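A.B. asks: One structure, pasted below without further comment.
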Amino acid sequence: MGPYKRVLLKLSGEALMGDQSFGIDPLVLDRISGDIQAVLNSGTELGIVIGGGNFFRGLAGIEQGIERASADYMGMLATVLNSLALQSALERKGVPTRVLSAIEMRALAEPYIRRRAIRHLEKGRVIIFAGGTGNPYFTTDTAAALRASEIGAEVVLKATKVDGIYTEDPKKSPHAQKFLRLTYAEVLEKNLRVMDQTAIALCRENDMPIVVFDLMGEGNILNVIRGESLGTFVHH
Ligand code: UDP
């Protein structure tokens, strides 16, 4: 576990929402950007996959009668909104940032090209992967697992609102216990809902460890990267 030189950070759309029920809380965005800046300054290369749930999720669209694939594309577009907001917040702090989109949108983002992503990392730029995997029927967790392997990251850092993986929902049950370490198989078998099963399976196949930790603690991203044992570590 840590220290890490190259990481893939997964931020959910909800993380940017703060206490709001929709959209982006500018204070939260600014704080997260500060944390990301500290990571880059420490010399660690950082790719970020960002979700879109604060604006739109495929499942919500299906409930409104939108066809699955179209609803998913709408969700992918929501990740582009978050990507541009995060880029802007990072650049305000002087952090060089590139948005690479899985869905071509040349006016506002570079197309995702793996080798180009790696070049950006080597040059000390933060990369934001927009548009998930670019395919319907997937999630941004799976995009995180995929991009982490593609860019040769050492770990997926899954930032959540809970400080790790628990036996049951700690907000609902006082008996919930936190796991410090888990294997991929345990996460899948116990059906622990941290990331979707496709994402976990992809990490397992590529031997990509995952750290699930609490994003809300200021400086936590850097602490995890330095090797502090925060949250839950998922590995072989
Ligand atoms: N999505 C998709 N393919 C992908 C990534 C995302 O179709 O590769 C769609 C899907 O509809 C999803 C939405 O985009 O509900 C937003 O992503 P996600 O739910 O993963 O965001 P988060 O929960 O992390 O905010």
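Placed from the backbone N, Cα and C atoms, the Cβ positions cover glycine too.
So TrEMBL lists these for the protein:
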DOMAIN    5-214  domain 'Aspartate/glutamate/uridylate kinase'
BINDING   Lys10, Leu11, Ser12, Gly13, Gly53, Arg57, Thr160, Tyr166, Asp169  ATP binding site
BINDING   Gly52, Asp72, Thr133, Gly134, Asn135, Pro136, Tyr137, Phe138, Thr139, Thr140  UMP binding site
A.B. asks: I need the neighbours of the UMP site defined by Gly52, Asp72, Thr133, Gly134, Asn135, Pro136, Tyr137, Phe138, Thr139, Thr140. Which other residues of that chain put their C-beta within 8 angstroms of the C-beta centroid, in sequence order?
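C.D. replies: Same chain, not in Gly52, Asp72, Thr133, Gly134, Asn135, Pro136, Tyr137, Phe138, Thr139, Thr140, Cβ within 8 Å: Gly58, Gly75, Met76, Gly132, Thr142, Ala143.
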A.B. asks: If you count, for each of the binding-site residues Asn135, Thr139, Thr160, the other Cβ atoms lying within 10 Å of its Cβ, which residue has the minimum?
C.D. replies: Asn135
A.B. asks: Report, as a single number, how many Cβ atoms besides its own are within 10 Å of the Cβ of Gly52 (UMP binding site).
C.D. replies: 27
A.B. asks: CB neighbours of Tyr137 (UMP binding site) within 10 A?
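C.D. replies: Other Cβ atoms found within 10 Å: 11.
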A.B. asks: Spatial neighbours of Ser12 (ATP binding site) among the binding-site residues Gly52, Thr133, Asn135, Tyr137, defined as Cα within 10 A: which are they?
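C.D. replies: Taking Gly52, Thr133, Asn135, Tyr137 one by one, the ones whose Cα falls within 10 Å of Ser12 (ATP binding site) are Gly52.
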A.B. asks: Tally every other Cβ atom lying within 10 Å of the Cβ atom of Asp169 (ATP binding site).
C.D. replies: 10
A.B. asks: Please go through the binding-site residues Lys10, Thr160, Asp169 one by one and keep those whose C-beta falls under 6 A from any atom of ligand 1; give the result in sequence order.
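C.D. replies: Near the molecule: none at all.
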A.B. asks: My understanding is the cutoff is Cβ-Cβ under 8 Å with a sequence separation of 6 or more in the same chain; which residues meet that for Gly53 (ATP binding site)?
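C.D. replies: In sequence order, Ser12, Gly13, Glu14, Gly75, Ala78 meet the Cβ cut-off.
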A.B. asks: Spatially speaking, which of the binding-site residues Lys10, Thr160, Asp169 is closest to Thr133 (UMP binding site)? Use C-alpha to C-alpha, please.
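C.D. replies: The answer is Lys10.
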A.B. asks: Taking the residues Lys10, Leu11, Ser12, Gly13, Gly53, Arg57, Thr160, Tyr166, Asp169 listed for ATP, what is the greatest CA to CA distance in Å, to the nearest whole number?
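C.D. replies: The two farthest binding residues have Cα atoms 25 Å apart.
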A.B. asks: Would you report the average pLDDT that the model assigns to the domain 'Aspartate/glutamate/uridylate kinase' (5-214)?
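C.D. replies: Mean pLDDT for the domain 'Aspartate/glutamate/uridylate kinase' (5-214): 97.
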